[in-house]
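Feature list, courtesy of Swiss-Prot:
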- 21-41: transmembrane segment (TRANSMEM)
- 52-74: transmembrane segment (TRANSMEM)
- 98-118: transmembrane segment (TRANSMEM)
- 121-141: transmembrane segment (TRANSMEM)
- 150-170: transmembrane segment (TRANSMEM)
- 177-197: transmembrane segment (TRANSMEM)
- 223-243: transmembrane segment (TRANSMEM)
- 246-266: transmembrane segment (TRANSMEM)
- 284-304: transmembrane segment (TRANSMEM)
Amino acid sequence: MSDASFDRSMPLSGEGSFGDYFALLKPRVMSLVVFTALVGLLVAPVSLHPMVGFCAILFIAVGAGASGALNMWWDADIDVIMKRTAGRPVPAGKVQPGEALALGLGLSGLSVVMLALATNLLAAGLLAFTIFFYAVVYSMWLKRSTPQNIVIGGAAGAFPPMIGWVAATGSVSLEAVLMFALIFMWTPPHFWALALFMKSDYHDAGVPMLTVTHGRKSTRTHILVYTVLLVPVALGLALTPVAGPLYLATALVLNAIFLKGAWDIWRRDEAQAEADKYATEKRFFKFSLLYLALHFTALLAEAILTRSGLWTFGG
């Protein structure tokens, strides 16, 4: 636990607006969850009624929002310390901790039950596990206890495309596993790049990020190693029926750029990084978001083109 002077049980006088309660759901994170889940659902080799697909994505989004609310409730004591998170609704006093907890628990139950009714029990079970893993295993345990928090905890963010696939097909396949693995392996370089230029925030909050426990030099090496391990996963998807030339070309370009970025980070020393205010690290972090989005966009584009009859590869 952090030494921050924040009590989750304390009453707060501020009345939150709709925007404050919506912010509890972490809409930016939710948008990535929704998109990757949508891709997982649409690239699946089955015919799905549009209403079933809509309901599946809606309830996956609700589940993601529930996870965000539970995370904000639990992390309020460290969020109040970190500049990047101090303005969140709970530490800012706009929403009471108990309200965030109630919203998170309520939406968790609703999303799991409704996804089971709309699709199948396996998809609902995966959603329930994802919420539990993020809110309990990652937020309450891993995040504050080990520098491997992001490595293990990254599984929570990697499940959405698998849930989308299972919602459509009712089973797990190699394609679903590789989409999961793509996000899972991408997560450490993405967040460690952030930690390179936000080290002081994590240190002050008592979060044992790799930069805090092992230093920036070790973190740079870890970023390069995990990026190298990420490349075959990304390219491996091109060998499955859901991908084709478009995805392969996209993946080759993106991974070449990503590898170059990781190499540039590894070569830098702290004097260089401080001199340009971590410009290379910030650029790598921003590109990592585009990297993931474009991989899934390429998968989605191939699925749409194939089903429309305009594309003869993949699918």
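Glycine is treated like the rest: Cβ placed from N, Cα and C.
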Mind checking which residues of the chain, 6+ beyond the ends of the transmembrane segment (98-118), have their Cβ under 8 Å from one of its Cβ atoms?
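Distal contacts: 8-9, 16, 21, 24-25, 52, 55-56, 59-60, 62-63, 65-70, 72-73, 76, 89-90, 124, 127-128, 131, 135, 167.
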For the transmembrane segment (223-243), name the stretch out of 21-41, 121-141, 284-304 with the most CB-CB pairs under 8 Å.
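Checked against 21-41, 121-141, 284-304; highest Cβ contact count belongs to 284-304.
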Counting only CB pairs under 8 A, let me know which of 121-141, 177-197, 246-266, 284-304 has the most with the transmembrane segment (21-41).
284-304
Which stretch from 121-141, 177-197, 246-266 shares the most C-beta pairs under 8 Å with the transmembrane segment (284-304)?
246-266
Against which stretches of its own chain does the transmembrane segment (177-197) lie, if we need a Cβ under 8 Å and a gap of at least six residues from its ends?
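Tertiary neighbours of the transmembrane segment (177-197) are 36, 39-40, 150-151, 153-155, 157-162, 165, 209-212, 216, 219-220, 222-223, 226-227, 229-230, 233-234, 236-237, 240, 258, 262, 265, 273, 277-278, 281-282, 284-285, 288-289, 291-292, 295-296, 299.
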